[in-house]
Amino acid sequence: MEQNQPQLVIITGMSGAGKTVAMNSFEDLGYFCVDNLPPTLLPQLIEVIGQVRPKIAVAIDTRARDFIDSFFVVYEDLKKTNLQIRMLYLDARNDVLVRRYKESRRSHPLAPTASPLIGIERERTLLEGFRDKAQLLMDTSDIKPLALKERILKEFTEGERIPFTVNVMSFGFKHGLPLDADLVFDLRFLPNPFYIPELRPKTGLDLEVSSYVMQWPEAKLFYKKLVDMLEFLIPQYEREGKSQLVVALGCTGGKHRSITFAEAISKEFKNQYHIVTNHRDYVHAKEEK
């Protein structure tokens, strides 16, 4: 990327998922930030501001819901220019968003006199098209504002950002599906080390557990098929312009089988891609005996 190539980051997503933190983070990175700009004014903003401030961040949400249809027309036109565009979509689980609204004592903009959950569900429907087109999806359900800021700074800092990252995540279904996952694989069909007394307190990071999980013929066969599938799929996602691919591997609690497979897949692809391994429910796993 040329140093002076104009850049536009579109920040969107669920109300309460962290757009204010995101906008503050982009200001710290030297972006010219505009909140709630009608999409039809984007070309004029870029033309006027882009001459002196080549990095622009714009937050668009359901406050501009009357302009959502026009946004996608403008977005497709801008993609045909020399402008480098990335769309960041911020999301969080419904229960987390409801809690945040109650803590802030604010009503949801789409349900000012009703339950926040009603507004959240309406908003998800309205923003579905944005989520599908976003190059980067961040689930803020289980992270604090400072951690979100650090993640944004790392992702968008020039010279440090990795063009394409494969995020391999283990998780437990009983703790909820990861909202930012692109691919989800269910490992609950494999024999569960939880029922082996000496393995129960351990995790997939322990050799005894990983050896137990991978010893079964069905585990070996599934692993081979999974590697073959990812070898095909990862380049397809990269070609689509995504900045990352989140591969989520789940078992019941996120403690044994999912961690074993996440570690194995990470090692399998570490020499081909920039790999980030995230054991989402590891803290829960260590607490469970």
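A Cβ is built for glycine as well, from the same backbone N, Cα and C atoms used for every other residue.
According to Swiss-Prot:
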- Gly13, Met14, Ser15, Gly16, Ala17, Gly18, Lys19, Thr20: ATP binding site (BINDING)
- Asp61, Thr62, Arg63, Ala64: GTP binding site (BINDING)
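For Asp61 (GTP binding site), the same-chain residues 6+ apart in sequence whose C-beta sits under 8 angstroms from its C-beta are Thr12, Gly13, Ser15, Lys19, Asn36, Leu127. Lys19 (ATP binding site) counts 21 other C-beta atoms within 10 Å of its own C-beta, drawing on all protein chains shown. According to DSSP, Lys19 (ATP binding site) sits within a helical segment. Same-chain residues at least 6 positions away in sequence with a Cβ under 8 Å from that of Gly18 (ATP binding site) are, in sequence order, Leu90, Ala92, Met138, Thr140, Pro145, Leu148.
Other residues of the chain with a Cβ within 8 Å of the Cβ centroid of Gly13, Met14, Ser15, Gly16, Ala17, Gly18, Lys19, Thr20, the ATP site, are Ala22, Asp61, Leu90, Ala92, Thr140. The secondary structure of Arg63 (GTP binding site), as reduced to three states from DSSP, is helical.
Of the listed binding-site residues, namely Ser15, Thr20, Thr62, the sparsest Cβ surroundings within 10 Å are found at Thr20. Scoring each of the binding-site residues (Gly13, Gly16) by how many neighbouring Cβ atoms lie within 10 Å, the top position goes to Gly13. Between the CA atoms of Met14 (ATP binding site) and Thr62 (GTP binding site) there is a gap of 9 Å.
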